[in-house]
């Protein structure tokens, strides 16, 4: 009799409740979300709820009647201990998605299920022993996935052919992937224990060869690196979208070292490299809605049958007007481009300033010594300018290089004290004395050379003078000789003239 009564109550419960996942529980008091919120506040609506409702009214402008509404969903429904990042994006995205599907593909819009109740979500969380992120809860309270895809011809998954999973399917698929992860972990532990006992890895290779009927499982990676745990399956990966071929888009509740809690990832049979495609569920939904609004879509209708539906929604980039693309490939390419841009920006920020690197730290005391040193050297060089200035300058250059080489390192300069300063000044004075002595020595060496040069020049002048005197004497003698000859000739002429006159008389 009790069993019959229970069955009757379950039947009545199924007719009177909106629960999709939650089963009838005679010990549970029925609760309603709005009534619970109003009772908790003595029948008064929370101010934040009023603000969100006013925002919803602004966002609903331009929407036609009959489009599913989520005005009764607000952030206050979610626990304050969890992050509400992505909740507002989820609400906004679903408004655009509902409006677009009702306008361009009513058959696709008809596949969207009614909302889940809080009881559904609570029971699912209890069965999976997890707490769904708030954007996921908000999404389930708008649409519980897609249904009746097989019965409705000409329709496909909402996300360019990929199906939005119902809460029942999410729980069932999560359990299936948990079994996969459990078996992988079990076989791995068995292989490690066997290798430890036998000291050989041949058994481990045989075990790996039988996993999932594959020769081996490749190394698991992620983009960005270390954002997702490097495993094939994980119990904390909750699938939300499926391609019905073993691949999923889901929420990651156990991210890697460089990941973020509740990030959205791709995983499954074809994803040895996992891709982080969004930081949260709301961000992913909003990016999909933006693609629809931007015109990155195409409806494939293979026949002219009126009853075949509006066609299958596929991705095609509007700007390039290129071919139809697989949505997984689009998400992977976008993630890779975003990762490369972030990598370049990080490299630019981490590049050191070369001008700062070339500057070497010099303490104040060392700078003072360096400032005083050139004046001392210049004074010495001026003093010996007329005697070996080039040699003195080379010595100064040598000493300046010596001073630079003996500069303390950054670690040593922190311990410079007055004693080291006095020692440095003493060494500099000693170097100045050496420079002065070197200059005097070179001046002394140069002085004999100057005297010798003057002596040689004097001898050369004396010899030249002697030669000039000899030439002058010779010239005078020749002149005198010529004068004597001329006088002798004149006398002979005079004598001949007188003889001629005597003869004439």
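Keep in mind that glycine also has a Cβ here, set from the backbone N, Cα and C atoms.
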Where Swiss-Prot places phosphoserine when the choices are 48, 102, 381, 488 = 381
Query = Which one of 60, 131, 400 gets the tag phosphoserine in Swiss-Prot?
reply = 400
Annotated phosphothreonine residue, as Swiss-Prot has it, among 111, 155, 376, 406 = 376
